[in-house]
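This structure is in structure tokens; I'll ask about it shortly.
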Amino acid sequence: MTIPRLIDPFGREHHYLRISVTDRCNLRCVYCMPEEGMEFEPADHILTYEEIADVVRVIAEMGIRKVRLTGGEPLVRKELEKLVAMIAAIPGIEDIALTTNGIFLAPRAALLKEAGLTRVNISLDSLKPERFKMITRGGDVQKVLNSIDACAKAGLSPIKLNVVLMNGLNDDEIADFIEMTRERDIHVRFIEYMPIGHNDAQWKKLYLPLTRVKEVCEERQWKFSAVSSVQGSGPSENYRLEGAAGSFGLIHPVSEHFCQTCNRLRLTADGYIKPCLAWTEQFQVRSVIGDDEAIRQMFLEALGTKPENHEMSKFLKGDPDISHTPTSRRMSQIGG
Ligand code: SAM
Ligand code: SF4
């Protein structure tokens, strides 16, 4: 039997699956979750590790090579190392990454590495303790900094830091984040605040295009040059300050979409395939786990609905003429 590849109607072949392992989180970042009243999926809707591994096994045969574990906060799920080891054992999987807020990571970095994790992205939106606490609604920045050190020690590299840039909240720290890359081999990724699943007014107030990052470098007369690739950097546009050990990147899904090279699919914690982050389409694969052919067919059906691009820039202009319905899921209910 010839197993079909994961190719969408626009000829894009998919090699990358982002798996949300939980919709729960120990933090409540202002751009991701409300302070109170967040409702979570009941435990019996959440995919078990065995179910997740089963889906990955089937679609690895269809061409998936890279997996990222995300959430909610993936490290609130018990013994995540077990899932990492299960996925690492699947033929065809070459790369297993983790996106985490880093609060619980330091004591687990070595165990995760041993289980087969290759890389981590750590979210860190401020280096200032009080501000970090405000943005995350309660987080301790020192724990995240300790996790960065623990990952470097465990050999989880390259370490990437995800910084969601927000107007008037952390844009005065752009230079501090870039300065971090002078001495340390880390990759700082500035990410545009996306209008996913929530509050238009807040997004309009806080959204800042990433052209600001280059302006900051220019104001300081820093010399920087383009870096061709940082492992697993996907849609990021990457730069290095002259003589720096690390690098920095810009991910601008809103101001300049990069959908033409999109090779990613998403699996939500409650067992839905999402072909596009921004739109409402979702396919419940949970109900067919155990039937490999049905899983394959559902992935192909999901891919068949994948839009050419997410049209987030139309949000910027308030343009009502969009081709799909925006998702009502929040970022924590998709996985970012
Ligand atoms: N809890 C983990 C963390 O924070 O890294 C993983 C899940 S989180 C949803 C994944 C990524 O999405 C994080 O880097 C977070 O900063 C980012 N994110 C969440 N909401 C966002 C938004 N509205 N716009 C841009 N990035 C967002
Ligand atoms: Fe939690 Fe990550 Fe969302 Fe922050 S961005 S609330 S850490 S899921």
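Cβ from N, Cα, C; glycine included.
Just so you know, TrEMBL annotations are computer predictions that nobody has curated.
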Report the candidate from THR99, THR100, THR118, THR305 that shares the GTP site with ARG18, ARG68, LYS160, ARG264, LEU265, ARG266, as recorded in TrEMBL.
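Among THR99, THR100, THR118, THR305, only THR99 appears alongside ARG18, ARG68, LYS160, ARG264, LEU265, ARG266 as GTP-binding in TrEMBL.
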Between C-alpha atoms, which of these binding-site residues comes nearest to THR99 (GTP binding site): SER123, CYS262, CYS276?
SER123
May I ask which residues of the same chain, at least 6 positions away in sequence, place their Cβ under 8 angstroms from the Cβ of MET194 (S-adenosyl-L-methionine binding site)?
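For MET194 (S-adenosyl-L-methionine binding site), the qualifying residues are TRP203, PRO253, VAL254, LEU277, ALA278, MET312, MET331.
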Are there binding-site residues among CYS25, CYS32, ARG68, LYS160, CYS259, CYS276 that sit within 10 Å of SER123 (S-adenosyl-L-methionine binding site), Cα to Cα? If so, list them; otherwise say none.
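The binding-site residues close to SER123 (S-adenosyl-L-methionine binding site) (Cα within 10 Å), listed in sequence order, are LYS160.
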Just going by other Cβ atoms within 10 Å, which of the binding-site residues ARG68, ARG264 has the emptiest spot?
ARG264
